[in-house]
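Student: Before we start, here is the structure in question, set down as structure tokens.
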Amino acid sequence: MALLRRPLLVLLLVVTHQFLQLWIVFGSVNEEGQKQEEFFEELLLKPLPDRKLLTHFHFQSSAPPSSNGRHHHLFPKAISQLVQKFRVKEMELSFTQGRWNYESWGGFDSIPSSNAKPPGVELWAVFDVPQHLIDALWKNLTHTLSGLFCASINFLESSTAYSAPEWSFPPASGNLRYGTLPREAVCTENLTPWLKLLPCRDKAGISMLLDRPSIYRGFYHSQRLHLTSTGSGSEGLDPGIILEQTLTVVLLPNSQRASLARASEKHIQPSWSLRSIFGKEVSGKCVLAENSNVYLLLDRGLVAELKQLHKEDEESAEKVLASENYWTNPIFELSAKPDRIFIEESSLLSKNSSILYKFEVEKYSESEPFDLGLTWKIPVVWLCQQAPLHASRFLMGSGNERGAIAISLKSTQSCEGFTGANFDDERCELRVDVFQVVPWYVKVYFHSLQVFVDQQPKAVSDIIEKIHVSPSKDKVSPGVMELVLKLPCSVSSAALTIEFDKGFLHIDEYPPDANQGFDIPSAIVSFPNFHASMVFLENDSLNKSPLLSKFQEKSPVMSYTEVLLVPLTTPDFSMPYNVITITCTVFALYFGSLLNALRRRVAEEERFLKDKAAKKSGRLPLLLSKLSAKLRGRHSEPPHSTPGSSSLVNSKLVFKVILVAGLAVCWQYYFS
Amino acid sequence: MEKLKKKIGSFSFWNWVIASIIFRLILIYFPKNLNLSSRPEVSTPLTSFRRLAEGYWLKQSSMSPYAGSMYHGSPLLLSLLGPLTVKRIEGQPNHLLYSLVSVIADVVSAMLIRATGRNLQFAYLRTLESLDLVKQIEGSELRSSGDVAALIYLCNPFTIVACVGLSTSPIENMAVILCLYGACSRLIPLAAFGWVIATHMSLYPAILIIPVIFLLGCGPDAPPRKLFLQRHQQKGVLNESKLPHGFSWGPIIHFAFWALVWSVYVLVLCGISLKQFGGLWEMFKSTYGFILTVEDLSPNIGVLWYFFAEVFEFFRNFFLIVFHVNILFMILPLAIRLHHRPCYLAFVYVAICSMLKSYPSVGDSALYLGLLGWFVNELSDMQFSLFLFCGYVGVSLLSPVMHNLWIWRGTGNANFYFATAMVYACLQIVLVVEGVSAMLNHDRKLRRLLTGKLQDVKS
């Protein structure tokens, strides 16, 4: 019986499973059958020149505009509610730990220019409402997001924390709000809610690779959420939303061969596999995903270097590059066979083109998991493509009273070809946008802005084409500076300096660790004339990839500078009571002694004292005078006392006591 | 100070004036590392030169000079002095023209102080004559108080520092002195102009209207009127011509009219210069509002900054009211007691303001110390003058040291700097209290002399 029953049960399970799958597929294809909710998962791997590996997870879910907006099959409900409620047109939230190393990891590709983010939290949002409503919406949005992502994004609510850039921030428009929290610590509690937005979470598909220890062991990780709402909700339709979630991690693969490395192999790039990096393998795709691909990108510099090496090895190198079995060659070896190889359409900008290997995860399953490994055979040295100028920022001056911020731009020399982007007939100019937010306690003197080009001071008006400044208001708003610089193409270095005074805060405004200092958020340096784009031709429109189409978009090249740490002086936190009491004592001293000096009438006082001496009476004064006389060792002469005056004094005293008692009774009665 | 006065007496006045001007010019040409313009003692948020330059820059780039919380001065100052902040002459120090303006303002103030002092001394001698007390007083030598006051003002290190440190306080001081000079020499439009400008620039001189009214109403400082009456009654002959005039309302109405004219004029000018940036309300909010709600907590030589940095937020308004009312409360008692000496009253008011104002600087101290010189003869037997002198020297040496330890070296503590500010406040309190009682004692002495004389006459 039992033997008979089991296959039946299995059969039943299989059938229901099939049915379920069918139902899911049917459900996701809408009644109209034209637009549906989609989900894509992709992973890009890219070896970096300094023996590190860039892994870039890219998940995209989209919801088409629909009238029955309350129900979603794949799309996270929290996000769609957020978009509807706060009328968000575009929004980006990023959590980053570590700093993107522009010099060795490149600054010109699409990946750094849209995924390299400043440390901590960065949030910007564009709203689809009139100007005066934006601030209220922004406040609510920050609170919602801080609840969604378990982060202190709600600190961006205060008007001192966010700003409204006019034009220098690339997706600029009037309805933009921008805020950063450089001090925010990013950890797994922020990743978990982020993963919850994925249909398969981290249970299936590429996201299975997201092993927390190996991610947070990396040199840089940036978790980003970008959403764009398309179409207006004017016709009763809810807007379509595209939610793009990326996680960029830079890791150092621990080379297994390190122990048996010979002297010559020390310079060899470490070999890696998905298993060695993440400790996991991909067992098939997430069933809800449209497609699920892993890419390996060899960037332009690397390809050029490989070509060079090939030429040394054998003469007919050109052909080998594009050939199908390029993946096993004398330089490196891939552990899996790529399904497709893309070669970048050679652009105007450079003669070299990068190569992309595509692996489809679909073909793998639980029994045969997907693992990609790259083994280098000979040492390769190359450089990533860099932005035309390398931006860095530092503080000048010492002490806690004042200082200066300097932004220095150094030519990277790697962009001979790019300068053609803005060729005038006689002189070529390089346009640089700088966007800098400073908190209010760093009081910037905008008139002290100085520009140095090639170490020579220049007139500000020669270099700065356009400037927009909104000075900081104490405890109300941060200072914002937006600049457009026009530098000659031949520039080798440029620097901007601006002086500031350090503010002094109330003791309550200091954070618990006041002596650590305060952060000035990163400045954004962007090069609007340069666009990072990689065009890979895809002939099959069926199997479209959002990541590749993202690469094709012309994204402006931008880079973030360092976060600056400004130490501010602290008052003594333990002394408020002392300060209050001492100051009030001094004021009382002033008031009392001045009033006393004014009131005093020496002649009358003398007369009064004489009278008093004459009238002096009573038992107590008598005793006191006797006592004092005894202390002085002199005989006192008893004052002439008259009984009348004594009784008068007594009656006065009694009257006063009664008066006070009466007042007290009245007070008690009135207030009870 | 006493020593200083005696020294000055033996030298010629003009030599000292020229020496002080040359000293200023040397300091102006001194290499840049002197850096006085960013000292907290010299430049407060209200008088700072860098903030003036920032305000001018904002205005030039067609933004409101009050955008942000940098500039808190008058818009007129911005249009008069602003261009000087950017003008440079090749091969000369950066802000030469601006410094020259402050030097000129200092010299003009000194000259006005001198003229006023002579006026006061003349009045003083006349009253002594009318009381027939000249001989008694003559025993102790009479110094020319105008010269002394002018030289104290010019040679005071505080004034020099404020002038070379490019702060706007020389100009504010000049407005106050202009007001007092005008009132003393009965140039009513000038007095009204000085008063309006001084009030416009730093609000506190507004209370000088009381001494100015007394000055215009009953003339410069004199012993109490009672003394004259007593004297004449005792003599039996009531000589009307020798009596000081009673209170006359004519000049006051005249003054009120001119004050109104000037303030309307100033407001219209401000309104024109701020027309496109939010108008006058914006100006009042970020000048007077900034003074009254002590918003900027950067250290200065006063005590309020640290107090408001430490005090609990919910008490802030209460203490703001208390501290400002402290100034107002003293106005009436002082006015009642010292109404016969309006110039002295003005000095006391200026001293109290510079002690209790929200952003004091050494320029304010320079003003009241200069005015103190007018009363050299009256205050000759003031107590603690050596102690005060040593205290001022000590504080002005210690305060920069403590500031350096706290801000630049990081080895000190805010409390050390605050302690010097506290001592400075106490010194000023002692000065004011002792000064007031010395003046009252002087009146008493006069009366005693008079009554003693009368008794002599009788017997």
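Each Cβ is built from the backbone N, Cα and C atoms, and glycine gets one as well.
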Student: Can you say which of B:56-78, B:286-308 is given as transmembrane segment in TrEMBL?
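Tutor: Feature transmembrane segment in TrEMBL: residues B:286-308.
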Student: Which one of these stretches, B:12-30, B:96-116, B:286-308, has the most C-beta pairs shorter than 8 Å to the transmembrane segment (B:314-336)?
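Tutor: Top-ranked stretch among B:12-30, B:96-116, B:286-308: B:286-308.
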Student: Can we call the transmembrane segment (B:343-362) and the transmembrane segment (B:148-168) in contact, meaning three or more C-beta pairs below 8 angstroms at a sequence separation of 6+?
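Tutor: Contact between the transmembrane segment (B:343-362) and the transmembrane segment (B:148-168): present.
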Student: Using Cβ distances below 8 Å and needing 3 or more such pairs, separated by at least 6 in sequence, tell me whether the transmembrane segment (B:12-30) contacts the transmembrane segment (B:148-168).
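Tutor: Judged by the Cβ rule, the two regions touch, with the required three close pairs present.
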Student: Examine the transmembrane segment (B:148-168) against the transmembrane segment (B:96-116) and state whether at least 3 Cβ pairs sit under 8 A, considering only residue pairs 6 or more apart.
Tutor: yes
Student: So if I exclude everything within five residues of the ends of the transmembrane segment (B:96-116), which remaining residues of that chain have a CB under 8 angstroms from its CBs? That is, six or more out.
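Tutor: Beyond its ends, the transmembrane segment (B:96-116) has Cβ neighbours at 17, 21, 24-25, 28, 49, 81, 84-85, 87, 89, 146-147, 149-151, 153-154, 159, 162-164, 166-167, 170-171, 173-174, 177-178, 180-181, 184-185, 343, 370-371, 373-374.
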